[in-house]
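Enquirer: Here's the feature list from TrEMBL:
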REGION    1-34  region 'Disordered'
COMPBIAS  20-29  compositional bias 'Pro residues'
DOMAIN    35-329  domain 'Acyltransferase 3'
TRANSMEM  66-82  transmembrane segment
TRANSMEM  94-115  transmembrane segment
TRANSMEM  139-156  transmembrane segment
TRANSMEM  163-181  transmembrane segment
TRANSMEM  193-210  transmembrane segment
TRANSMEM  222-240  transmembrane segment
TRANSMEM  252-274  transmembrane segment
TRANSMEM  324-350  transmembrane segment
REGION    356-376  region 'Disordered'
Amino acid sequence: MDPNTGPAGHRHRKARISPPLSPAASPQPRPRRNTGVDVLRIVSIVAVVAGHAYGPRLPGGEYLEIWRMPLFFFLTGYFWTRGRPFGHELRARWTNLAVPYLSWAVIMSVAAWAWTRDAPDGFWPLMANGWYGGSDQAPPWWAFWFISVLFFVVLLRRWLERFPAWVAWAVSVAGLALALLPDSLLGRTPLGLGLALPCLVFVLAGEGFRRGVLPRIQRNRALIGTGCVGVGLLAVRLGVEPLNIKFAGFGTFLLTPAVGALTAAGLVLIFSTVVDRITRVPSRPVNAVVRTGTVVVLFHGWLLETLVNVGILHDGAKLVLTVLISWALGMVINATPLSPALAGVPTPLWRTRGWARRQERSTVGQPLPHFAGRTN
């Protein structure tokens, strides 16, 4: 639509002069994006890569596990917008989660073939586990389970909006109870679908925190957040079992998820205040890194294994190289028309405008379709 001419069918009507908007009716400025929370998203993704780069050798890994995966789901609830139609949610999540998942799954299938050329008997079992999803996904599909679980938990939350709030909480608690079943049963469902039930509790916690708790904390948010994080880490020190969500490990029933949600809430309070004030100036590069998140999650498993195969065994070196290379790849992808398929983000506006200009230039001097082929 041309903003200077109005909708089609009204181009030749005489423009009407509208009275000036009153101050109360003038459009409100868009709220500033909280860069500190974006930094927290980056930290959470680095924490995921660190867990895979170090494995059980990570010092104090239990203090990381209590919040690193819950934080993703907590932030999903924190930014939740109520009232969207289920169909709209399905289309949006298909675009920004399912399409990159499937695209990278195809790419990783090629990687799996390359890895098993010398041992072809291992190819089909690796493919079966990779495409089935869930707990048994091995490299190069290492962290794919998170994207599929996030897809299902968001759709579950949207569907449950039609019921009273207590129904969603009841479903999430029932999911935590089912997670107690042996042999990681929920995690071994196709695409980790069953994990959406217990992970819903973190989405609800983030949503409830944003709407019911945060407005009541008007002062000393960073201090209160530090206290929440401290309580969470102290609970782990005192023996609260950490989380291992991929394998349906939700620790001590109700207690461990509560500690994870409390720690995530504390991190949000800290990063949305102190860190936000520090990072307001470099907000654009921070946002650019945030937009690479899906690429990092889906790509880093293959990269870590490749680094090991070429002889890079130092855990710290693996972490730094994996993070930097994954970020670089994500930024390159996001600057190309491949960004919707591989990153789940729209094609950059500058590329869209450039394509439109090229199309316009290519038609200059060509006959209009109405007159093509006509002679006098």
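Please read every residue number as a count from 1 along the shown chain.
Note: Cβ is positioned from N, Cα and C throughout, glycine not excepted.
Those TrEMBL annotations? Automatic predictions, nothing curated.
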Enquirer: So which residues does the transmembrane segment (163-181) touch in its own chain, when a touch means Cβ under 8 Å and the partner is 6 or more beyond its ends?
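Expert: Counting only partners 6 or more residues beyond its ends, the transmembrane segment (163-181) has Cβ contacts under 8 Å with 156-157, 194, 196-201, 204, 248-250, 253-254, 257.
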Enquirer: Quick one: average pLDDT across the domain 'Acyltransferase 3' (35-329), no decimals.
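Expert: Averaged over the domain 'Acyltransferase 3' (35-329), the predicted model reaches a pLDDT of 96.
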